[in-house]
């Protein structure tokens, strides 16, 4: 028979680390939460099945590379082709990153600790960005490893792969800033999911409508601006300008590259500012 | 040494003054902060945590200024909010480990401290289950655990017995008393129930509408009054007659006898009477003022 003895209260006199450590711990905790790690099994279904779906085209492409000796899916176009899956991931997981803390009023537990509200928001954005980046970067990397193993004729497309990885990070930041801002304005998880997916569908559906209208009236150059209404094509247009990759729009070219880059930067800043304002208000409560 | 001290502390909101010219000092031990709902207790705690800037006056916690050194204060104090504040889909262990890290504890230390502190608040196997399925009593324990996990010097407990049944309330109060004595952590605990604080506090601060009504040690609140309650096994009537004939003022109350204390000779008279009548004396207890009475008097005089 063993018995548990009450050894009484022990004080802690070990190290107490700073706010940087706490912010990193929060980012890691949030990232785990986004993928449902440390949560019940049902929280893992959505993120992991979407991540698996993201890998399917990469695996098919590796098979094609092995059999036909050529690549069918370019690295630079992967995010645009798979944009619906990425958008569903954002819509389903952005609310898990921010909504519970707002809805269940967990925020005071964080704010009564050394971290400030900006560090809290920064950690959440970092976690969401990392998760979306992982979602896109994993199949890209798998495909690149596949290309090296299969050893296609000609040099490997290392430059295009690196460019796509960079743009995946930028895209992840843009999507996260907006996804988290929308989710934080609608703290009920279901509403958050609905609002993110609605905004994405609007941005997706608006493109052909605006493009078609302008193109049919003969305004070809104005019509190309329509692509910038969707985050995936907006980032692709910047990629096309910076890395010289072919445009992955459905038809036609992108407008002016620097203008796209400027719009991208403004949108990321706007999303982050909206988040900061939302949390300044939540913190004052 | 003062754990916290305020000087002319004022907090005005657009429509209401929540804290009004409050000057008070608190020493180590368990201190009760008493006031009706809306008396300014929660606002005061937020100011002391450095989360709300005061409109006027100064406040120092652990000798740190609340406006300039808020982050430093929050490293050394723990806070248990009044409202529900737990995410439902994580386990207590996962949550407490995470919050310990948020207070700056390295991961291994955070794990050890979380296990320790969950044991101290009395959460056993259920700590691995999601918090969403917990009873109110268990949730209160988790809330207390997160306030203690980083071994603070001082903890603020905002209405810790809210929503608990009588047994849970008793256990929570015993635990708070232990934190203040055995654990050596100073406690500032708010309540609108005075009887609770009487049991666990060394010092009580009464505020009303943001103003200080009274601040004094528990002894002064519950000063002994001039009565003593006597309970005997049988022979109550004989004792009553004997004490009355000795010149004591006696009034029977059910199976007990309340005797007015005239001086030390009253106790002698009761002892002698019990011995002479060969009675079995069960209880001899000093009558006490309850803090409620004091609060009622203070309110009446305001």
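Cβ from N, Cα, C; glycine included.
In TrEMBL, the annotation transmembrane segment applies to A:80-100, one of the ranges A:17-37, A:80-100. Among the residue ranges A:190-211, A:212-233, the one that TrEMBL annotates as transmembrane segment is A:190-211. Note on the transmembrane segment (A:165-183): residues 76, 79, 86-87, 90-91, 94-95, 97-99, 124-125, 128-133, 136-137, 140-141, 192, 195-196, 199, 231-232, 234-236, 238-239, 242-243, 264, 267-268, 270-272, 274-275, 278 of its chain, located 6 or more positions outside it, place their CB under 8 angstroms from a CB of the stretch. Between the transmembrane segment (A:259-279) and the transmembrane segment (A:80-100) there are fewer than 3 Cβ pairs closer than 8 Å, counting only residues 6 or more apart in sequence, so the two stretches are not in contact. With a cut-off of 8 Å between Cβ atoms, the residues of this chain six or more beyond the transmembrane segment (A:80-100) that come close are 30, 33-34, 36, 43, 46-47, 50-51, 53-54, 57, 73, 106, 124, 127-128, 131-132, 135-136, 139, 175-176, 179-180, 182-184, 186-189, 192-194, 196-197, 200, 204, 230, 232-233, 236, 248. If you look at the transmembrane segment (A:48-68), the same-chain residues 6 or more away from its ends with a CB under 8 A from one of its CBs are 35-36, 78, 81-82, 85-86, 88-89, 92, 134-136, 138-140, 142-143, 146-147, 150, 152. Distant neighbours of the transmembrane segment (A:190-211): 83, 87-88, 90-92, 94-95, 98-99, 178-179, 182-183, 223-224, 226-227, 229-231, 233, 250, 252; these residues of the same chain sit at least 6 beyond its ends, with a Cβ under 8 Å from one of its Cβ atoms. Packing against the transmembrane segment (A:121-145) from elsewhere in the chain are residues 23-24, 26-31, 33-35, 47, 50-51, 54-55, 57-59, 61-62, 71, 73, 75, 78-79, 82, 86, 89-90, 93-94, 97-98, 115, 156-158, 161, 164-165, 168-169, 171-173, 175-177, 179-180, 272, 275-276, 279: each is 6 or more residues past its ends and has a CB under 8 Å from a CB in it.
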